[in-house]
Structure formats: structure tokens, C-alpha cells
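The structure appears right after this line, and notes come after that.
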């Protein structure tokens, strides 16, 4: 949507509104209310139509996100070219700048006492700059604090309800592909970081709410993944590599493809999922204590093998790769010691008893004489080692 022509026509009445305000400020209240209500209806209609158009024209199909459940060959990841996050990107790219422009135009056109922008083009000569962090509107001059509160109320009235169309896109994208939350979070984060010092307060609130909603939805996906991993503890049927380890490598590879900015969201997911994976693996290994170390070394080796490439470029995964390596070495050491003990158990028992005899018997008790024959020597050993 492009409102430049509409704003140009509105500017025809700007001087008239200034005269009205100078004569009677109270006359501005119904004018502002009518303007905000009309613009709200227009923007919401445009947002709803554009949102529906994006969803209907999207080529994205139902999620092919790797899952920790189902047959081993299922849930193969598809490409991300048709990710539903593309629709969200178009929605936010089209409407956030529009909402900012309309917020700034409202501040000037309806004669709020806010500073005007410097060095702006002809379409923005009547547009004030805003400053401050999220949740604050245009920075007021010393005598404009009263106007600031009224301006924020008008901004909320003008833009109220449009968030529902953004939420609809986010929810739709999540249902099709939960991993689309990763690029959507990155896009939203870039808009927050890039426009925080100049965007109108209500738009900042909208962006923050979108980021929170995306984070909550993605956390729901991560929690579900952790629940699927924990279910393996209650359904152990065979010894070997548990299926969730190779499936996690598929999931991690797919998640890395989606990252477009900050990776905090993904790293937090890795931390939570892998921690649950390792804890569950330790519990699975204890189901058959006799084979515990074999289960651990097989699975930790599989974890290292499947994530070797990613661990070289992802610090968070590298940390867990080294943790798996240490656990693998410990399991190997315990298993080797167990094998050695099983095969040489009698020898170890004999050596231990010899040592006990050496501590318990003094040299004088051993009937040894210089020049003893082999037969006498064997008899002496036999009598000395009786019971060993």
C-alpha cells in the first residue's frame, strides 16, 4: 500500500488545522478522533487483504521439519526456498515502514507539538523525527509533554487491531513449518534494532509483541522436541544408537539454513534439546547396567560423527561435541577395564592374594635354604601359598 498521494491531499488542510488549533484546541479532539478512526479502518483493511493474499499465493507446504518421532526414514527435510517465513517478510517489509510514516505524519498533520525532521524530502517535510527506546513516541520539546500523551493515545487508536493480521501470518507460518520462526525472529529483530531510535512508540510495541509471540511459538516447538526425546526412556526396545541422535543432526542442519541474523534463538534451542538428549541417554543406558558403557560409547560416537561438520562452525554444538567426546572416552575406559577384569579375573585375584601374603608373612616364616632342589622349592612354595 502507498499512502503518499493521500497524505499529499491531506496536506492541503494542514494550515486550516493550525488555525483551528490556535483558535480553540478543544476542536482538535473530534478531528483527531475521526482521522485516526478512518485511517485505522483503511490500514486494517489493507493489512487483512494483503495478509490473505500472501497466504493464498504462498507455495509453502505443510511442515517437513525433522521430527524425533516416526520411522527412521521419515521426516526428510525439504528445501527452504518456499518457507512461509517469506510471506511474513513481505508483510513486515510492506507495513512497518508504512506504519512509521503514518505515525509521523499524524504527529505533524494533527498539530502535535513535536520536533520536525531535518534534511527530509518533499514527502517528509511535514514529518517529525522520533527518538527514544521501544515504547516511547516522538521526543517532546520542553513544553510538549501534555501533547505527547494525547499523541500516544491517537497512535494507538490509529493502529489498534492491525497486530491481529501480523499474528495471523505468524501463526499460519508456524503451523506450516515451526522452523520458520527462526527467520521470522531474525527479520523482526533487525527491524527493532534498525528503527528503534526513530519509530513511533506503538510500532515499537508491535515489533516487540511480534518477537515475543514468535519466541513463544518456537519455544513450544522446542519443548515438544524435548518431550519426544524423553519418551525414548520409557520405550527402550533394543540396544544401539537411539534414533533421536541422527534425527537431531538433521534438525540442526535444517535450523542452520534458516538463520538470517542473531543465532541466540537457535543456540538456546540446541542447549535445551541436547541437554535432554544426554540426560535421557544416561537413563536409557541404566536400563541394562551390564551393557551401559556399550550403549553410551556407541551413542556418543554417533553424536560426534553426525555433528562433526556442524561442530566445526557452530560454537554451541562444538561445546556439546567436546562433552560427548569426554563422555565417550570415559565409557570406553570403563568398558575396557571391565573386559580386562573379566578375562583376567583369576590372575588379579592371585596377584592380590600374593600381595596379602607378602604383608602378612615375615621372611623368617618361609622355609627357604640356599641350594634347594627344584622339588624342595616347589614343596616350599606350595606350603607357603596354601589357600591362595
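Cβ coordinates are placed from backbone N, Cα and C, and glycine is handled just like the others.
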Students should find that the region 'Disordered' stretch in TrEMBL, chosen from 54-77, 78-101, 150-173, is 54-77
Examine the ranges 116-144, 174-202 and name the one recorded by TrEMBL as region 'Disordered'.
-> 116-144
